[in-house]
């Protein structure tokens with residue numbers, strides 16, 4: 001499990017603190033120190049219980065956090081269930097594949113918090129998701145880091161708001177940079193956060209074109225490692241159920257590490273949006289650097305996750321603390 005020494009942790013705190021933002025001024029590491037002082041331990045225990053039941057909870061929670069923050073900010077709006085009068089974010093086609101185990105991590109942590117009288121209805125679902133995301137990263141061997149707290153839960157969740165706001169598996173670096181820039185994230189942040197694909201799985205439907213019908217000249221994307229392409233074709237043959245799952249990282253799918261970048265160097269990025277990070281000269285130097293230096297990657301990932309957690313934060317004037325993470329109060 002990755003560990004940072006004290007000097008590195010202090011350095012990260014200093015780097016992160018130099019980016020004050022009026023929209024995130026309310027965030028602090030001790031936000032619940034008086035109202036729910038054991039919030040982190042309670043959430044961590046709930047996360048660990050869930051992971052013991054299924055490892056899917058790890059990548060599912062990490063992906064859920066990203067999808068939440070990139071659509072109207074980190075406000076747990078992705079948790080909201082649709083109603084006859086409103087189609088919520090989670091039911092947009094780009095979110096349909098979000099695994100239920102990620103949602104359940106938040107639900108179980110919320111139950112654990114509410115069973116503590118001093119914490120009942122004190123901690124936002126947005127903060128629960130943020131804490132749980134850090135905890136699943138650590139559980140998979142990734143870096144531990146301090147989490148800023150104080151988010152309020154969003155009051156709006158619509159499927160239409162998702163459209164065009166999430167990266168796609170065929171995106172190039174220009175498209176990726178544009179999406180991340182919109183959320184005040186740099187190219188380096190984008191590359192670091194893309195490495196979340198070191199965990200979990202994707203569905204055959206997302207890679208079918210790349211391995212069977214790439215274009216009029218090549219049936220297989222020529223940037224794919226040939227042996228890896230054959231493996232993918234065997235796992236996802238023509239006419240296969242598009243819901244069949246395949247590992248994002250063919251080498252260490254259950255470990256958070258920098259193998260993701262080593263895979264890209266070998267042409268083993270599952271999505272086009274992964275492999276372009278190596279084939280594009282603008283991002284290749286960073287991929288090469290982090291492939292050979294896990295400490296540098298971990299440092300960049302912590303910074304990127306902290307910045308991501310500041311996107312679109314709600315306060316008491318445009319948010320609240322939900323009693324049920326899946327429904328508005």
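Yeah, the Cβs are placed from backbone N, Cα and C, and that goes for glycine too.
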Candidate set 95, 293, residue annotated N-linked glycosylation site in Swiss-Prot: 293
Additional site residue, 186, 198, 306 [criterion: listed by Swiss-Prot with 249, 252, 257 for Ca(2+) 2]: 198
Site of maximum Cβ density within 10 Å, from binding-site residues 73, 167: 73
Assigned element (helix, strand, coil) containing residue 125 (disulfide bond), judged by DSSP: helix
Cβ-based neighbourhood (8 Å from the centroid) of the Ca(2+) 1 site, residues 68, 71, 73, 75, 77 excluded: 69, 70, 72, 74, 76, 78, 89, 126, 154, 157, 312
Disulfide-bonded residues compared (119, 125, 204, 325) - highest count of Cβ atoms within 10 Å: 125
Greatest C-beta neighbour count within 10 angstroms, which of the recorded positions 77, 315: 77
Packing count at residue 236 (disulfide bond) (other Cβ atoms within 10 Å of its Cβ): 23
Within 10 angstroms of residue 75 (Ca(2+) 1 binding site), Cα basis - recorded positions out of 36, 63, 204, 236, 293: none
